[in-house]
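Below is one structure, written out as structure tokens, with a few remarks after it.
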Amino acid sequence: MTLFDLGYHEKLDRFRREQGLEGSDVGRVISVHRDWYLVGTTEGEVTAQVAGNLRFSAQGPEDFPVVRDWVALKVYGEDGGIIHRVFPRFSVISRKAAGAAGSIQVIAANVDYGLLIQSVDRDFNPNRLERYLAICRAAGVEPIVVLTKVDTVPVARVEETTDRIRRRLGEIPLVAISNTTRRGYGDLMRLLKRTKTYCMLGSSGVGKSTLVNNLACRARMKTGAVSEHTKKGTHVTTHRELIVLDCGAMIIDNPGMREVGIACAAEGVDEAFGAITAYARGCRFRDCTHVKEIGCAVREAVERGEIERAAYENYLRMRKEQEHFGATLQERRRKDRAFGRMVRQYKKMKRMR
Ligand SMILES: Nc1nc2c(ncn2[C@@H]2O[C@H](COP(=O)(O)OP(=O)(O)OP(=O)(O)O)[C@@H](O)[C@H]2O)c(=O)[nH]1
Ligand SMILES: [Zn+2]
């Protein structure tokens with residue numbers, strides 16, 4: 001396994017030279033656990049922990065390694081490794097973290113494509129698809145819609161659903177598959193490219209695990225075996241893990257995404273609603289919110305039926321959510337800075353005593 005098989009490229013190498021990291025090993029994070037990481041290196045997979053300096057200089061959880069991050073580390077043979085640097089990320093998939101207000105949860109970094117997975121049955125929900133799309137657009141990740149369980153409904157229903165998706169989301173790659181009959185697998189395989197990373201976004205039960213297990217003809221990566229060796233029997237529950245497919249593409253399983261709160265930039269939402277953004281250029285006011293202004297081209301298009309009302313309403317909802325999140329985030333950062341000042345003052349006081 002060379003670094004280039006893992007997806008290494010010239011830009012990363014330049015960073016490595018500029019930062020004087022030639023003496024370090026380089027690896028790519030495969031899975032993230034409570035206090036350790038599984039990292040793929042040219043020497044194979046190693047378990048690693050973050051160095052103290054990285055831990056203390058971190059401003060927040062987003063500064064810690066996530067799945068698919070490139071890291072500089074020192075490998076100490078059987079004892080595992082120490083990660084002392086995270087390379088700059090060229091894409092970041094994130095969402096609003098459940099719990100603490102105004103915090104971001106990074107799902108994965110350096111992902112090339114997002115697989116927006118929904119099943120054609122009860123789970124089908126265009127609003128949620130638009131949500132995943134906004135996350136992809138904000139992350140700079142190419143979206144691919146995967147509609148699963150097509151074996152459970154009549155063919156006409158599948159066509160009707162794919163038409164509906166195209167009307168709402170515009171021209172983005174879309175495949176309809178069945179994990180049971182493997183219908184559509186050929187179409188999907190054609191979209192999966194060697195050395196590229198695909199992150200699955202989809203609610204529980206839509207068939208993500210079944211799909212990955214079917215595509216990975218060999219057994220799934222045995223992250224458990226590695227950890228048991230070095231971590232002496234710790235029970236492993238992998239949150240997010242990377243699966244290398246036989247075709248050389250890599251998939252990140254992302255289990256149990258119940259709610260997907262929007263943490264992304266406003267541009268992500270705007271880009272996800274391409275039709276609305278296009279009409280918005282015709283609004284009388286440049287800062288039109290498309291709610292009650294006169295001369296709003298977006299609302300006029302909705303009235304004429306050129307923009308689906310449901311899409312328009314979802315757009316407003318997501319914009320509002322995004323603005324609210326942005327404000328909370330700013331508030332949290334302000335508080336963090338104030339807290340930092342207090343700690344520094346306290347330390348100074350202690351030194352003077
Ligand atoms: N009929 C049919 N059933 C499917 C298909 N794909 C998955 N299933 C079934 O749907 C159920 C859920 O599938 P999973 O693969 O576990 O779903 P998941 O998205 O990984 O769910 P989480 O791990 O909870 O996120 C299982 O019982 C599968 O056998 C499909 O294409 N057709
Ligand atoms: Zn408007």
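Note that Cβ sites are derived from N, Cα and C of the backbone, with glycine treated the same way.
Database features, via TrEMBL:
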- Thr148, Lys149, Val150, Asp151, Gly202, Ser203, Ser204, Gly205, Val206, Gly207, Lys208, Ser209, Thr210: GTP binding site (BINDING)
- Cys283, Cys288, His290, Cys296: Zn(2+) binding site (BINDING)
- 109-258: domain 'EngC GTPase' (DOMAIN)
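The structure, with features from TrEMBL marked on it.
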residue : record              : Cβ contacts under 8 Å, 6 or more apart
Thr148  : GTP binding site    : Ile117, Gln118, Ser119, Val120, Ile177, Ser178, Asn179, Val206, Gly207, Leu211
Val150  : GTP binding site    : Val120, Val158, Ala176, Ile177, Ser178, Arg183, Gly184
Thr210  : GTP binding site    : Asn179
Cys283  : Zn(2+) binding site : His290, Glu293, Gly295, Cys296, Ala297, Val298
- Counting every protein chain shown, other Cβ atoms within 10 Å of the Cβ of Cys296 (Zn(2+) binding site) number 21
- Task: Could you tell me which three-state DSSP class Cys288 (Zn(2+) binding site) falls into?
- Result: coil
- Using the structure shown, find which entry in Gly202, Ser204, Lys208, Cys288, His290 (the binding-site residues) has the sparsest Cβ neighbourhood within 10 Å. Ser204
- Note on the structure: Close to ligand 2, in the sense of Cβ under 6 Å, among Val150, Gly202, Ser204, Val206, Lys208, His290 as binding-site residues, are His290
- Item | Close-lying binding-site residues around ligand 1 among Val206, Thr210, Cys288, His290, Cys296, where CB distance stays under 6 Å | Val206, Thr210
- Note on the structure: Surrounding the recorded Zn(2+) site, with Cβ no more than 8 Å from the Cβ centroid of Cys283, Cys288, His290, Cys296 and those residues left out, we find Ala280, Arg284, Phe285, Thr289, Val291, Glu293, Gly295, Ala297, Val298, Arg299
- The binding-site residues listed are Gly202, Ser204, Lys208; by CA-CA distance, the one closest to Cys288 (Zn(2+) binding site) is Gly202
- Summarise the domain 'EngC GTPase' (109-258) by DSSP state, stating how many residues are helix, strand and coil. 56 helix, 31 strand, 63 coil
- Counting every protein chain shown, other Cβ atoms within 10 Å of the Cβ of Val206 (GTP binding site) number 24
